[in-house]
Amino acid sequence: MESHGSSFSGLNSYFRALAQTPSRLARRACSVSTSHEEMSQVRARSGSAMQRTLRWYDLVGLGIGGMVGAGVFVITGRASRLHAGPSIVVSYAIAGLCALLSAFCYTEFAVDMPVAGGAFSYVRVTFGEFAAFLTGANLIMDYVMSNAAVARGFTAYLGSAIGISTSKWRVVIHGLPDGFNEIDVFAVIAVLAITLIICYGTRESSVVNMVLTILHILFIVFVILMGFWKGDWKNFTQPANPNNPSGFFPFGAPGVFNGAAMVYLSYIGYDAVSTLAEEVHNPVKDIPIGVSGSVIIVTILYCLMAASMSMLLPYDMIDADAPFSGAFRGESDGWKWVSNVIGMGASLGILTSLIVAMLGQARYMCVIGRSNVVPAWFARVHPKTSTPVNASAFLGIFTAAIALFTDLNVLLNLVSIGTLFVFYMVANALVYRRYVAIGTTNPWPTLSFLCSFSCTSILFTLAWHFMPLGKGKAFMLGACAVIATAIIQLFHCTVPQARKPEFWGVPLMPWMPCVSIFLNIFLLGSLDGPSYVRFVFFSALAVLVYVLYSVHASFDAEGGGSFGQKSGEIVVRESDDSDRGHCFFKV
């Protein structure tokens, strides 16, 4: 492990380092590492290696467990009632396609570079240290806050399943302000118990997740069957109130896409699987099957759940907060027990999503520690458990502390903006990596293309959400679509790819990642103002931490040996085929 060196040896040394901040920023902010460095020198900073014990079926189970949480039991009803109506089924299919495109981008990186850093490492080898730090910092904060919210939701769903009010699970402290005055001990117990499991071993965590995921899927299948059995096909086209819009598409195409933007949040979680790439037995085979397979299975389950819910009740009678359990809560013919069963299924979904998310957050922190932009203590892997115990324990305690007293509403927009931003960055990074070889390729045509395409996507999104219906809006949307298509085609015809994936790559470059870029921007446009306030606040806090600490720590580490290079320096790639399952890029 590299030490922090002279910058932190005393106050005088630190003040001297601060005085050199501009020059250090110029050197380190855009410095990139290579896949070889990430796979060898950087990974060696953890000491013991993580063992490759996961197979494709483990990744499928972890992907399903990470995505199918309690959120789908809430989001489905809200999106159907407010936006899509019965066409919520189509909304889920569109959102599943969006998730699959992003999953492809993650998969190509993970197969080529199977390390635990996920999006942080992918951005670091393309856009440099500062962009990677900003990406990783938002991811960590999103994980911690959403896990705390989900843990508190666990007590609420479990209470409804066994017939105990949530107020009896929590202790109210009247001296604290509202929103911070309900102490939830059971949420803390759940977080700490999962922390112990993930510290004990990744394989053991996968087994626990697999058991809970199988039980959860059985509950979901039960919900689907009950919907088709007790439901009525006429609810697909007839609302309860004849004055409301009718038909399968009561709100037209805008309703379908707005619904897709909302339900897309139900797919967040597959990205955590990419952080387990370092522990996968055969990355070339297992990662594509595990990541893409889990997204496809979850899409099918979600579409069936949406169809089941639409059959149970007309869309204008659906309970936006508890659509499935609400459909049976008022039953007087002996079916009220179904509501309790659904609550138990949602509780299991919370536990599985917590396990996968906490596995992911610990590995993100571990690799960020390897880069020395946070203390290297977080990077240590325990020799007996082969897990990042320090990162797991620290983030577990941090999450438990927030879950103890902070009343966070069930994730939704709270976590989505940071995650969508990361998906957007990874899609851009993939295009950049395919078309730019550092030191031999001029990066400006690719950067100009990515900027112009993003700007066109932003214009389309703003027109979609804020322009009134009419010919002006239709013209603006059509013009943006034509311009975006022309930009992609021009880039495709004039800029050759600098790298070709040897074993697995995203097809139809650059079209598929560009569609992912557009969809992530479009979905970001559907989020509310407070989400952007939170994003700006934590991004500003991350920039402050980077300027006051991280850039100096990484600068000291660079002085101790080879530690990344400036963008533009010529890199000699060395392949490490045995460690990566014979997967590398030809330059």
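A Cβ is built for glycine as well, from the same backbone N, Cα and C atoms used for every other residue.
As given in TrEMBL:
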{"type": "TRANSMEM", "residues": "56-76", "note": "transmembrane segment"}
{"type": "TRANSMEM", "residues": "153-171", "note": "transmembrane segment"}
{"type": "TRANSMEM", "residues": "183-200", "note": "transmembrane segment"}
{"type": "TRANSMEM", "residues": "207-229", "note": "transmembrane segment"}
{"type": "TRANSMEM", "residues": "249-270", "note": "transmembrane segment"}
{"type": "TRANSMEM", "residues": "291-315", "note": "transmembrane segment"}
{"type": "TRANSMEM", "residues": "335-360", "note": "transmembrane segment"}
{"type": "TRANSMEM", "residues": "387-405", "note": "transmembrane segment"}
{"type": "TRANSMEM", "residues": "411-432", "note": "transmembrane segment"}
{"type": "TRANSMEM", "residues": "444-467", "note": "transmembrane segment"}
{"type": "TRANSMEM", "residues": "473-491", "note": "transmembrane segment"}
{"type": "TRANSMEM", "residues": "503-525", "note": "transmembrane segment"}
{"type": "DOMAIN", "residues": "504-554", "note": "domain 'Cationic amino acid transporter C-terminal'"}
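For the transmembrane segment (291-315), the residues of the chain that approach it from at least six positions outside its boundaries are 56, 59-64, 66-68, 72, 76-77, 80-81, 85-86, 88-89, 91-93, 95-97, 99-100, 103-104, 106-107, 110, 217, 220, 223-228, 230-233, 235-236, 238-240, 250, 263, 266-267, 270, 273-274, 323-324, 327, judged by C-beta separation under 8 angstroms.
The DSSP breakdown of the domain 'Cationic amino acid transporter C-terminal' (504-554), given as helix, strand and coil counts, is 40 helix, 0 strand, 11 coil. By the Cβ criterion (distance under 8 Å, sequence gap of 6 or more), the transmembrane segment (249-270) is not counted as touching the transmembrane segment (387-405), fewer than 3 such pairs being found. Ranked by Cβ pairs under 8 Å to the transmembrane segment (183-200), the stretches 56-76, 207-229, 335-360, 387-405, 444-467 are led by 387-405.
For the transmembrane segment (56-76), same-chain residues at least 6 beyond its ends with a Cβ under 8 Å from one of its own Cβ atoms are 88, 92, 150, 153-154, 157, 203, 206, 209-210, 212-213, 216-217, 220, 262-263, 265-270, 272-273, 276, 280, 285-287, 289-291, 293-295, 297-298, 301-302, 305-306, 309, 321-325, 342, 346-347, 349-350, 352-353, 355-357, 359-360, 410-412. On the 0 to 100 pLDDT scale, the domain 'Cationic amino acid transporter C-terminal' (504-554) averages 87 in this prediction. If one looks beyond the transmembrane segment (335-360) by at least 6 residues along the same chain, the residues whose Cβ comes under 8 Å of a Cβ in the stretch are 62-70, 72-73, 118, 143, 146-147, 150-151, 153-154, 157-158, 160-163, 190-191, 194-195, 197-198, 202, 205, 208-209, 212-213, 215-216, 219-220, 222-223, 226, 230, 269, 271-273, 275-276, 324-326, 328-329, 392, 395-396, 399.
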